[in-house]
Amino acid sequence: MTLTLAVYGKGGIGKSTTSCNISTALAKRGKKVLQIGCDPKHDSTFTLTGFLIPTIIDTLQEKDFHYEDIWPEDVIYKGYAGVDCVEAGGPPAGAGCGGYVVGETVKLLKELNAFDEYDVILFDVLGDVVCGGFAAPLNYADYCLIVTDNGFDALFAAKRIAASVREKARTHSLRLAGLIGNRTSKRDLIDKYIEAVPMPVLEILPLIEDIRVSRVKGKTLFEMAESDPSLNYVCDYYLNIADQILSQPEGVVPKDAQDRDLFSLLSDFYLNPTQPASQTKELDLMMV
């Protein structure tokens, strides 16, 4: 049975880099993986393939939208570690609906029976946009994963994504697998957030520059580690995420949280920071 994942998060948070490394980790665990990029920039799979692959929407336009004239090899490209890659693409900037293209991508892949060929399908979805079109992958997903950092904006975006998961979970067995903290030196705000909106934290990746560099190089951390074994410890973070997903965790249906309440909670963290206990003790001694 195919396990389907949908990766969301604030724009620029590192979803595509995270997705590519999770896909690779799943492949390293012996799974046949398909990663579907759902972003008009069509750069989701760049880290796996090393180049911008042709998009499904471009291929459909070339064939005048005759689905019967398209073969799997026309739209599916082989990436690192044997991960198969698809890019949905999108309309020209400022014209059309990118969410519609996501729907057409799913329709074509179903026509090609591609969904039945894989152990794991991973949707890497544009930013924190959760309109009907870009929320479509949630209709097929078993689990949603939210990429964040220890910052206000990313966690507030996570709240909106969690609300979409809750809505979609009304009609099928979608669950939120948890948060992935990407390139963050702290997790105190993440911990404050999950106190208000309980959900698992799958992994917290430290502030490692090689994660950012891997994106520029068009390589996964696993591929970089082949020539630089010192990076193997970074790969272990992604393998840990893969192992948790493959264990098919229970996950959660996120509880409801009002925007204003969560906004106040997160902003209060910055406006009224609590002093470390050691510092408070020092101040008390000074006052005596």
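Glycine is treated like the rest: Cβ placed from N, Cα and C.
Annotated in Swiss-Prot:
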- G12, I13, G14, K15, S16, T17, K41, N182, R183: ATP binding site (BINDING)
- S16: Mg(2+) binding site (BINDING)
- C97, C131: [4Fe-4S] cluster binding site (BINDING)
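Structure coloured by features recorded in Swiss-Prot.
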| residue | record | Cβ within 10 Å |
| --- | --- | --- |
| G12 | ATP binding site | 9 |
| G14 | ATP binding site | 21 |
| S16 | ATP binding site | 23 |
| K41 | ATP binding site | 15 |
| C97 | [4Fe-4S] cluster binding site | 14 |
| R183 | ATP binding site | 19 |
Cα-Cα distance linking C97 ([4Fe-4S] cluster binding site) and K41 (ATP binding site), given in Å to the nearest integer: 13
Local backbone state of S16 (ATP binding site), from DSSP in three classes: helix
Residue pair R183 (ATP binding site), C97 ([4Fe-4S] cluster binding site) - Cα distance, angstrom, rounded: 32
G14 (ATP binding site) to C97 ([4Fe-4S] cluster binding site) - Cα separation in whole Å: 23
Separation of alpha carbons, C97 ([4Fe-4S] cluster binding site) and S16 (ATP binding site) (Å): 21
